[in-house]
Amino acid sequence: MKQQIRVNDIGLAPYQAAWDYQERLLQESLQRKAALRNGAAEGAIRPAHHLLFCEHPPVYTLGKSGQQEHLLINRVQLEEKGIQFAQTNRGGDITFHGPGQIVGYPIIDLEQFFTDIGKYLRFLEEVIIRVLADYGLQGARSKGETGVWLEPDVPGRARKICAMGVRCSRWVTMHGFAININTDMNYFDHIVACGIADKAVTSLQQELGRAVPLEEVKGKISRYFGEVFDAEMITTGNSTEYTDSTSPAASRSHRSQN
């Protein structure tokens with residue numbers, strides 16, 4: 001029997017709010033796993049898997065292995081440009097999230113699939129590579145660098161279209177991937193994206209010369225996610241069921257900083 005993954009589009013969500021929502025789903029999954037270990041009936045309390053889609057207002061996020069100097073503007077300039085900054089607990093360096101970009105957050109229990117983080121990242125890359133192929137683009141991996149690229153081995157032509165950074169707690173994942181669709185690429189001028197100074201970033205719009213409907217791309221991501229992970233994707237519809245970043249519940253130490 002295939003694992004079921006619930007697909008939930010939470011729309012335009014503040015970064016902090018989406019992070020809190022992920023944490024909540026992760027903790028629920030961990031609690032279910034603990035109940036199973038304590039003898040609960042598997043069918044009644046099977047860990048749930050989720051794939052969240054969202055967009056964020058403009059925000060730069062810095063991963064655990066990132067360097068602060070890869071943010072090329074100061075706090076005053078961030079405020080002037082209306083961009084937030086958040087230090088996160090995901091892997092990777094600095095990246096940008098904003099409107100026109102699809103962010104995907106899989107919260108899945110890898111023990112129900114396989115227990116290999118490297119394989120998990122390769123599977124995420126494969127999903128995006130298949131999506132790009134539908135638009136006539138040859139997505140590829142770059143040796144030693146996570147994410148999906150175009151022409152990664154061509155000097156002066158390599159450009160990243162999808163960034164990835166994840167966290168895993170007792171084999172339950174959070175954070176995920178961000179693929180540039182109709183993103184304003186000027187925001188990337190103020191960071192050393194993913195800590196890689198000698199390669200460019202791009203978007204689907206930039207490559208195709210036209211805007212692409214986000215809903216169309218989300219549908220493709222969901223379909224190929226199911227194929228690659230051999231899972232049944234269950235669409236739960238759009239939802240705003242997450243904790244707003246202005247609420248007391250969102251006041252933990254990892255709050256985004258303006």
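Heads up, the Cβ atoms here are built off N, Cα and C, so glycines get one too.
For C194, the entry in TrEMBL reads active site, acyl-thioester intermediate. Sequence-distant neighbours of C194 (active site, acyl-thioester intermediate): residues of the same chain at least 6 apart with a C-beta under 8 Å from its C-beta are G92, D93, I94, T95, E145, G147, K160, A163. DSSP assigns C194 (active site, acyl-thioester intermediate) to a helix.
Annotation source TrEMBL lists compositional bias 'Polar residues' at 239-251.
Sequence annotations record features per position, and here TrEMBL assigns region 'Disordered' to 239-258.
Here TrEMBL flags K160 as site 'Lowers pKa of active site Cys'. K160 (site 'Lowers pKa of active site Cys') carries a strand DSSP state (E or B). In the shown protein chains, 24 other C-beta atoms lie within 10 A of the C-beta of K160 (site 'Lowers pKa of active site Cys').
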